[in-house]
Structure formats: C-alpha cells, structure tokens
Amino acid sequence: PYFSQMGTIVDNSDTLSIDEKNAPIFSLSVGSVSSTMTTVSISDKVKQAEIPPAEDPPRVRTSCIDLRYPIVLLSMFALSALMSNVVCFNFVVLFMPSTLETENANHTYVGYTKDERTLLFSAVAIGALVAVVPVSHATHALGTRKVFFAAGMLTTIATALIPMGSRLSLSAFVGLRFIQGMSVAAAMPTVGSVTANWASLGQHGLFMSTLTTFGQISSIFSMPVAGYLCMTSLGWKSVFYLHAIVSGTIFAIWYLVYRNQPSKHPWISPLELGTIHRGKSAADLQKYDSKGKRKEIPYLAIISTPAVWAVWIGALGDLVAVQLIHIFSPLYLHEVLGYSVQKTGWTAALPVLFQFFVKIFAGHSSDRIVSVSETTKLRIYNTLALGLSGAFMAALAFVPRGYPTWGIVLLTLSNAMFGFNGGGFNKCATLVSRQYSHFVMANIQVILCLSMLISPILVNSMLRTGSISEWRLVFLSHAALLVICNAIFCLLTTAKPALWTDPDVPLSNRRNQSFLSVKSQDPKV
C-alpha cells in the first residue's frame with residue numbers, strides 16, 4: 001500500500017498490519033480541504049482471502065502424451081488382430097490337409113479342392129454379411145466398446161478351435177469360418193465410430209488412414225509368420241494357436257483402455273478434450289435427445305445422399321481389387337512368377353507393407369495441405385488410390401512368365417496406391433456423415449463382405465487353368481472397375497457435412513443432402 005500525503009509518497013508496505021485493512025488506500029489533503037477516496041473496499045476481500053479457495057476436483061492423467069494417439073494405435077492393433085485371424089488361412093490353406101486326409105510326418109498333402117476352398121473363403125463373407133446389420137444396430141445402442149470387444153473374443157475362440165474343427169468335418173470348419181466372418185462385421189463400424197468420437201476435425205484423414213491399415217498390418221504379420229511356422233516342426237496348427245493368443249491379449253488391453261466418449265475417459269485432460277471437440281456442432285456431440293433417448297439414425301436421408309453413394313461406389317472398386325491381391329497374390333507369386341513356398345509368404349507381405357507406409361503418409365498429408373479445398377483433396381487422393389492403382393494393375397496384366405522382378409514391382413506399386421484411400425472415400429465418409437459415420441462405414445463393411453464373397457467366385461471362374469491369358473483378363477477387368485468407380489466418386493463427392501447431421505448446416509450444394517429433400521434453395525455444385 002502506498003499513501004500520498006501533501007505530495008509526499010510514503011511506503012508503508014512493511015509496517016501495514018492486518019488491523020489496517022479498513023483504512024483508505026489513498027488519502028489526499030490539499031490546504032484546508034481534505035478529501036478521502038476509497039477506490040476499493042478491501043474489507044470483504046480480505047475476509048474472503050482468509051478462506052482457502054476450493055480446489056477443482058483432480059483429473060487423473062497417467063501419460064504426458066495426448067490420449068487419443070494411444071487410443072487410435074490400440075484400435076488399429078485390435079482391428080489388425082481381428083483381420084489376421086481370417087487372413088492367415090489364405091496362406092495356411094496351401095499346407096493344410098483336407099478333412100479326409102491323414103496327417104503325415106512329411107506334411108505333404110493334396111489339400112482342399114478348389115470348390116472347398118471357395119466355400120471356406122465365402123463362409124467368412126457370408127458370416128460378415130449376415131452380422132453387419134445387427135452389429136451396426138448394437139454399436140449404436142450399446143456403444144463400440146462392448147460390441148467390438150465381444151467380436152474380438154468371438155474371433156479368438158473360433159480361431160483357436162480351427163485346428164480341431166477342420167479335422168472333425170468340413171461343415172465344422174465352415175462354421176468356424178462363418179463365426180470369424182461375423183466378428184469381422186464389427187471392423188468398419190468401429191473405424192467410423194473411433195474416428196468420429198476421438199479425432200479432431202483436422203485429423204480425420206490421419207485417423208482414417210491409421211485405422212484402415214488393419215488390412216495391411218494383418219497381411220504383413222500373418223503372411224511371413226504363417227510361411228515360417230508352416231515350414232517348421234510346429235506345423236500349420238501353430239499358426240492358428242498363435243493368432244488366437246495374440247488377438248485375445250490385444251482385445252483385453254483395448255477393452256481396459258478404450259471408452260466410447262472422450263469426455264467419459266478418466267485419463268483425458270481438459271485441454272485435449274477441447275481440441276477433440278473444437279469445431280464440432282452441438283448436434284454432433286449430443287448423442288441423446290431431450291428425453292434422454294439415443295437419437296435415431298436417419299436411414300432414408302443417409303441412403304439418398306449423393307455424397308454417401310460416392311463413398312460406397314469408391315469403396316466398391318477399392319475393396320474388390322484389394323480382395324484380389326489379398327486372396328490371390330500368394331497363388332500368383334507361386335504359380336506364375338515362380339517364387340518358392342517360403343519366399344511367397346514374405347513376398348506377398350511386401351506390397352501391403354508399402355501400402356501401410358503410403359496410408360500413413362496420405363492421411364497425414366491430407367490433413368496438412370491447405371492450399372486447395374477439402375473437396376479437391378478428396379478427388380486428388382481418391383484418384384491416386386483408384387486411378388493410379390488401376391494403371392499399374394493394367395501394366396501387370398502384360399508381364400510374361402520369367403519376369404518375377406517386374407511382376408512383384410508392379411504388384412507392389414498397384415497395391416501401395418490403395419493407401420491414398422485414407423484421404424479419399426474413407427475420409428469423405430466421416431466428413432459427410434459425422435456422428436452417423438458408423439452407419440456409413442457399416443455399409444462399407446457390407447461392400448467388403450460382398451467383395452469377399454464375390455471375388456473368389458469371380459476370379460476362380462476366370463482362372464480355369466491358371467494361364468497367363470486368364471490372369472491378364474483378371475487384372476484388366478479389375479483395372480477397368482477401379483477407373484469407373486473413381487470417376488463416379490469424383491463426380492459426386494463433397495467434404496461438407498450432410499444436412500441430416502445438423503439442421504444448421506448451410507445448404508451449399510446438392511451433394512451433401514438427400515435428393516428426397518425439397519429444402520434446397522441453392523442449386524450450385
């Protein structure tokens with residue numbers, strides 16, 4: 001406190017006691033006129049200061065890094081484990097005895113017939129197709145945490161039982177593959193839900209690219225591991241046992257760490273929560289209506305929105321071509337390019353390894369580039385994913401026998417380009433559908449199931465003898481599908497949120513609203 005008296009400033013800060021708390025802060029005396037002015041009454045303030053202020057309830061935080069990054073990585077590993085349990089069969093089937101064969105010390109078997117292999121491949125697709133609608137409804141009603149964990153436990157048990165079930169009967173083996181497929185139905189809804197809830201608006205590309213690498217990671221892990229174990233004394237059964245142990249462990253950790261909503265997680269900081277929610281509408285964040293009931297999904301509006309159809313058509317071309325590489329690349333490498341059995345496992349993992357790195361790069365760069373509009377970026381990245389991949393696949397069709405290096409280079413380039421889809425139709429799905437992205441992604445899961453079902457039948461119908469001309473037809477037809485689907489995507493896509501995600505969304509163009517709506521007053525595109 002400073003006192004001014006007759007123009008002299010006196011510092012009494014060392015002598016002022018608490019008893020002087022009611023004295024004026026400033027006192028001014030000029031001649032016979034004395035005026036006292038109190039600018040701040042500190043009586044009540046000091047009383048309040050004597051009472052210790054209430055502390056905010058502590059929020060537990062066990063990590064110095066943002067929580068959303070461990071969440072997305074754990075989800076990526078759980079998705080990869082889910083898919084690995086299915087993918088490992090693609091390689092092991094080359095070494096497994098059929099149900100009627102007797103196991104021998106040399107581990108040389110005739111194996112399953114082409115029709116039996118087709119049935120075993122298709123069982124996964126049928127199981128996923130049957131379960132995708134119930135899984136989507138369960139995810140909306142119960143939350144991702146419970147549904148995805150249940151799917152993880154289901155696939156873990158089914159995978160562990162395959163060595164025994166495959167020896168009992170073909171029907172038992174098909175049934176276990178069907179159960180694996182039911183578990184796979186939870187994959188894409190989980191990708192959409194994790195991205196919509198845990199990613200900030202500026203990180204949708206990174207999250208989508210990271211989470212959708214589960215197809216690549218599963219092959220990178222399963223193909224070499226299966227190739228190694230099948231050539232050891234442990235044999236083909238050990239492949240399924242190992243995969244069951246890995247998936248069970250990962251899903252247990254994921255369940256302990258994951259929460260459906262960031263605001264409900266005990267480890268998240270207020271700063272990170274604000275980062276995740278920044279820019280999202282109240283309708284996007286509010287999961288329940290005024291009566292406390294979970295909001296209904298606007299099914300009709302979603303399926304009648306052009307931008308959503310752009311997502312699904314782009315996914316169709318991508319996933320059909322990806323199934324070709326995932327399922328038939330070991331066969332192509334072994335029978336056409338002439339790679340040995342052990343090298344086939346490692347070589348088959350090479351294209352998907354490159355795709356993994358491209359996905360991470362594409363997702364990060366898609367979020368960082370600001371010199372062009374978001375819609376233009378969607379078109380560019382999707383064209384790189386589908387158009388360029390189609391071009392490399394068309395070139396692969398004309399590689400003759402005896403040129404394995406050219407074959408593996410073109411196969412790797414074609415597959416790697418699919419990594420850009422994280423900045424294409426996958427990113428478009430979450431930008432347009434926001435809080436309903438799990439439903440849009442669930443329909444991508446339907447397309448994935450159909451591609452898993454149709455691709456083996458379609459490709460096997462074209463590969464009657466496995467000649468070069470038949471493989472050429474396979475590659476050229478898939479290249480044409482990629483180009484057509486990409487053209488349709490570029491025509492219909494937009495990055496704007498759809499009208500049904502929030503009533504306050506401006507009607508900027510016709511692509512992000514249902515064509516059944518009559519509210520549009522701006523026909524611009």
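Just so you know, glycine gets a Cβ as well, placed from its N, Cα and C.
Taken verbatim from TrEMBL:
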- 69-497: domain 'Major facilitator superfamily (MFS) profile' (DOMAIN)
- 71-97: transmembrane segment (TRANSMEM)
- 117-135: transmembrane segment (TRANSMEM)
- 147-166: transmembrane segment (TRANSMEM)
- 178-199: transmembrane segment (TRANSMEM)
- 211-234: transmembrane segment (TRANSMEM)
- 240-258: transmembrane segment (TRANSMEM)
- 297-325: transmembrane segment (TRANSMEM)
- 345-362: transmembrane segment (TRANSMEM)
- 383-400: transmembrane segment (TRANSMEM)
- 406-424: transmembrane segment (TRANSMEM)
- 436-459: transmembrane segment (TRANSMEM)
- 471-492: transmembrane segment (TRANSMEM)
Across the domain 'Major facilitator superfamily (MFS) profile' (69-497), average pLDDT on the 0 to 100 scale: 87
Highest-contact recorded stretch vs the transmembrane segment (297-325), from 71-97, 406-424, 436-459, CB pairs under 8 Å: 436-459
Stretch of maximal Cβ-Cβ contact with the transmembrane segment (436-459) [cut-off: under 8 Å; candidates 71-97, 178-199, 211-234, 383-400, 406-424]: 178-199
Criterion met for the transmembrane segment (211-234) and the transmembrane segment (71-97) (at least three Cβ pairs under 8 Å): yes
Dominant neighbour of the transmembrane segment (71-97) in 147-166, 178-199, 383-400, 406-424, 471-492, by Cβ pairs under 8 Å: 178-199
Close approaches to the transmembrane segment (147-166) from elsewhere in its chain (Cβ under 8 angstroms; 6 or more beyond its ends): 78, 81-82, 85-86, 89, 96, 99, 135, 138-139, 172-173, 175-177, 179-180, 182-186, 189-190, 236-237, 240-241, 243-244, 247-248, 250-251, 254-255
When counting Cβ pairs under 8 Å to the transmembrane segment (406-424), the leader among 117-135, 178-199, 383-400, 471-492: 383-400
The transmembrane segment (117-135) versus listed stretches 178-199, 383-400, 471-492: most Cβ pairs under 8 Å: 178-199
Cβ-based contact of the transmembrane segment (383-400) with the transmembrane segment (471-492), 3 or more pairs under 8 Å: yes
